[in-house]
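Feature table excerpt (Swiss-Prot):
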- Ser2: N-acetylserine (MOD_RES)
- Ser2: phosphoserine (MOD_RES)
- Ser4: phosphoserine (MOD_RES)
- Val23, Asp24, Phe25, Asn26, Gln38, Arg39, Ser62, His63, Gly65, Arg66, Leu122, Arg123, His170, Arg171: (2R)-3-phosphoglycerate binding site (BINDING)
- Lys75: N6-acetyllysine (MOD_RES)
- Lys86: N6-acetyllysine (MOD_RES)
- Lys97: N6-acetyllysine (MOD_RES)
- Lys131: N6-acetyllysine (MOD_RES)
- Lys146: N6-acetyllysine (MOD_RES)
- Tyr196: phosphotyrosine (MOD_RES)
- Lys199: N6-acetyllysine (MOD_RES)
- Gly214, Gly238, Phe343: ADP binding site (BINDING)
- Gly214, Asp219, Gly238, Gly338, Phe343: CDP binding site (BINDING)
- Ala215, Ala218, Asp219, Asp375: Mg(2+) binding site (BINDING)
- Lys267: N6-acetyllysine (MOD_RES)
- Lys291: N6-acetyllysine (MOD_RES)
Amino acid sequence: MSLSKKLTLDKLDVKGKRVIMRVDFNVPMKRNQVTNNQRIKASLPSIRYCLDNGARSVVLMSHLGRPDGVAMPDKYSLEPVAAELKSLLGKDVLFLKDCVGSEAEQACANPPAGSVILLENLRFHVEEEGKGQDPSGNKLKAEPDKVEAFRASLSKLGDVYVNDAFGTAHRAHSSMVGVNLPQKASGFLMKKELDYFAKALENPERPFLAILGGAKVADKIQLIKNMLDKVNEMIIGGGMAFTFLKVLNNMEIGASLFDKEGATIVKEIMAKAEKNRVNITFPVDFVIADKFEENAKVGQATVASGIPAGWVALDCGPETNKKYAQVVARAKLIVWNGPLGVFEWDAFANGTKALMDEIVKATSKGCITIIGGGDTATCCAKWNTEDKVSHVSTGGGASLELLEGKVLPGVEALSNL
């Protein structure tokens, strides 16, 4: 799957056309008010581009939360998003009470020029995801002919299709792969994601460094293996490191994370690294706690000293930070996925913060720095570094699957150039 050879919105002729656009308006709400409008703001350049270039209408579709294929307008309606979008765009937004069916089709058939229309939550229909469950917890499965009808109805709402929801690109949902129109383009958010991941996966600058944190080795096996075919250096940190250090150095790890399943392939991973001449750096010292709590008693440990029984490592220590800084300084391209410690608690945030500072420094010297979504993106928000790195991905699961070497259905479905 090529990331760089897909039709993009700037190459799509939208003049006089109805644009149906998949966006990610899955935003936090409290009492029917949007509490963080970041994702809505992020979609504005694509929406405005269509309007400025003479689109007849822009029909927006999104999911919100997990209604699991059941209509729950009291809890998961996108109606409050329409109000927020109206104030951000400075123009009226027509909200429709459903995303498919005759009323939606009629409203979108012949709209006044320059209309912006927001459809109700796609996931109120089990046909969007293909499966779900009812309020009593019984599993629901969509019938194939109904999925087809759902997709056909969505396809009637526009003349051209734009996908700007990278965060859902790893899901083969109806709105991602089932809108059957001749031209399907990526919006500007999606394009930025694909451009940056193409830089990493299709033609990387070197030395190329991957920094992998997070907890379980088993969850990251595919990621580590795929990246070992691409990078020159790798840092393995976070909770994942203890499984490696126990197997490779016979380190005493106390009550720190040990992943039995992951342990069985540590040697295979190291052999692959050696074969590919990839230099892997592990932590050498740690900040430890007598229990997994924010206000725990704090201590220090090294790989050599081991971690005392009952204690748990929750961050890497100052010597590790120095080692990592040297590795980062050598790189021309960095992909970072997963924090190095329990960064949510200040006592255990120093390792992740120190690394973030080094990555910001590297970026200012011309290194390309890509932050995978999820927790690592949260770190950027926490320390206000979103504008100080090259790219912060909006898709946790989607970016992880790309880095694992998987094909993303939502990208695959776009028109090829």
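Any Cβ shown, glycine's included, is placed from N, Cα and C.
These numbers come from a predicted model, not from an experiment.
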How many angstrom lie between the most widely spaced Cα atoms of the CDP binders Gly214, Asp219, Gly238, Gly338, Phe343?
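The span, Cα to Cα at its widest, is 20 Å.
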Restricting to the record's (2R)-3-phosphoglycerate-binding residues (Val23, Asp24, Phe25, Asn26, Gln38, Arg39, Ser62, His63, Gly65, Arg66, Leu122, Arg123, His170, Arg171), give me the longest CA-CA distance in Å as a whole number.
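Greatest Cα-Cα span of the listed binding residues: 22 Å.
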Take the C-alpha atoms of Ser2 (N-acetylserine) and Gly65 ((2R)-3-phosphoglycerate binding site) and report the distance between them in angstrom, rounded.
30
Ser2, Ser4, Ser62: which of these recorded positions has the highest Cβ count within 10 Å of its own Cβ?
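Sorting the candidates by Cβ neighbours within 10 Å, the top entry is Ser62.
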Please report the Cα separation of Gly338 (CDP binding site) and Asp375 (Mg(2+) binding site) in Å, rounded to an integer.
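Between the alpha carbons of Gly338 (CDP binding site) and Asp375 (Mg(2+) binding site) there are 6 Å.
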Determine the Cβ neighbour count for Lys131 (N6-acetyllysine): the number of other Cβ atoms within 10 Å of its Cβ.
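There are 13 such Cβ atoms around Lys131 (N6-acetyllysine).
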Relative to the Cβ position of Lys267 (N6-acetyllysine), how many further Cβ atoms are located within 10 Å?
12
Report, as a single number, how many Cβ atoms besides its own are within 10 Å of the Cβ of Gly238 (ADP binding site).
28
Say you check the Cα of Gly65 ((2R)-3-phosphoglycerate binding site) against those of the recorded positions Lys131, Gly238, Phe343; which is nearest?
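Going through Lys131, Gly238, Phe343 one by one, the closest to Gly65 ((2R)-3-phosphoglycerate binding site) is Lys131.
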Looking only at C-alpha atoms, tell me how far Lys199 (N6-acetyllysine) is from Gly214 (ADP binding site), rounded to the nearest Å.
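One finds 24 Å between the Cα atoms of these residues.
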List which of the recorded positions Val23, Lys146, Asp375 have their Cα within 10 Å of the Cα of Gly214 (ADP binding site), in sequence order.
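The recorded positions close to Gly214 (ADP binding site) (Cα within 10 Å), listed in sequence order, are Asp375.
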Rounded to the nearest angstrom, how far is the Cα of His170 ((2R)-3-phosphoglycerate binding site) from the Cα of Ala218 (Mg(2+) binding site)?
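Answer for this pair: 20 Å between alpha carbons.
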Indicate whether Lys97 (N6-acetyllysine) is helix, strand or coil by DSSP.
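In the DSSP reduction, Lys97 (N6-acetyllysine) maps to coil.
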Can you give me the same-chain residues 6 or more apart in sequence from Ala215 (Mg(2+) binding site) with a CB-CB distance under 8 Å?
Gly238, Gly239, Met240, Leu257, Asp259
